[in-house]
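Structure first, then comments.
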Ligand code: GRF
């Protein structure tokens, strides 16, 4: 158990990406362990996944705080309590502030279901379909102060097929998410990522 990176995962929903990271850790595919899972939603299935894996699962209700900064201070306190070194946002439906970013410089990741910088924001798969793009995909990136704007770590592309719906396309994208998110976390845990301006170098 030595030299394992302590990962804190922030969630709001079903937690399939969380599961892919838990599974990669337990298969020994990355030198890390999920130290805690925090949800802003009490009924997030991701919390059940954490409990089943024996991982501390916390519900921190954003509505109990006076604002985004105050909420992020509570997040930072909880993450620090569990010795977290990398914060992984996995379907966490909150905009985070500088409070969290300053506490974990270049150590907050997010996954977005589009080939950024195309289609940031909500309903990315629907945006790609409606735009008529021929490829969609997903992006793991470091989080900065913008929305889906931070330095890109790993991407995967999938084709958009004739007859695709938001559901079929999202399912194809999610399959790739579950492959590239553990990969990005592995690269971080192995100390192989360095950031120069917008560019993430993989060594
Ligand atoms: C994923 O599609 C991710 O790209 C987006 O939110 C979704 C989370 O799904 N940010 P899950 O909770 O990991 O199943």
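Glycine residues also receive a Cβ, built from the backbone N, Cα and C atoms like all the rest.
Listed in TrEMBL for this protein:
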type     : residues                : note
ACT_SITE : 112                     : active site, proton donor
BINDING  : 15, 16, 17              : N(1)-(5-phospho-beta-D-ribosyl)glycinamide binding site
BINDING  : 68, 93, 94, 95, 96, 110 : (6R)-10-formyltetrahydrofolate binding site
DOMAIN   : 6-185                   : domain 'Formyl transferase N-terminal'
SITE     : 148                     : site 'Raises pKa of active site His'
Practice task
May I ask which of the recorded positions 15, 17, 148 have a CB within less than 6 Å of any atom of ligand 1, listed in sequence order?
Solution key: 15, 17
Practice task
Return the residue, from the listed binding-site residues 93, 95, 96, with the maximum count of other C-beta atoms within 10 angstroms of its C-beta.
Solution key: 96
Problem - In three-state DSSP terms, the structure that residue 96 ((6R)-10-formyltetrahydrofolate binding site) belongs to - result: coil
Fill in the blank from the handout: residue 15 (N(1)-(5-phospho-beta-D-ribosyl)glycinamide binding site) falls, by three-state DSSP, under coil
Exercise for the section: Would you mind giving the whole-number mean pLDDT across the domain 'Formyl transferase N-terminal' (6-185)? Expected result: 98
Exercise for the section: Within 10 Å of the Cβ of residue 68 ((6R)-10-formyltetrahydrofolate binding site), how many other Cβ atoms can you find? Include all protein chains, please. Expected result: 16
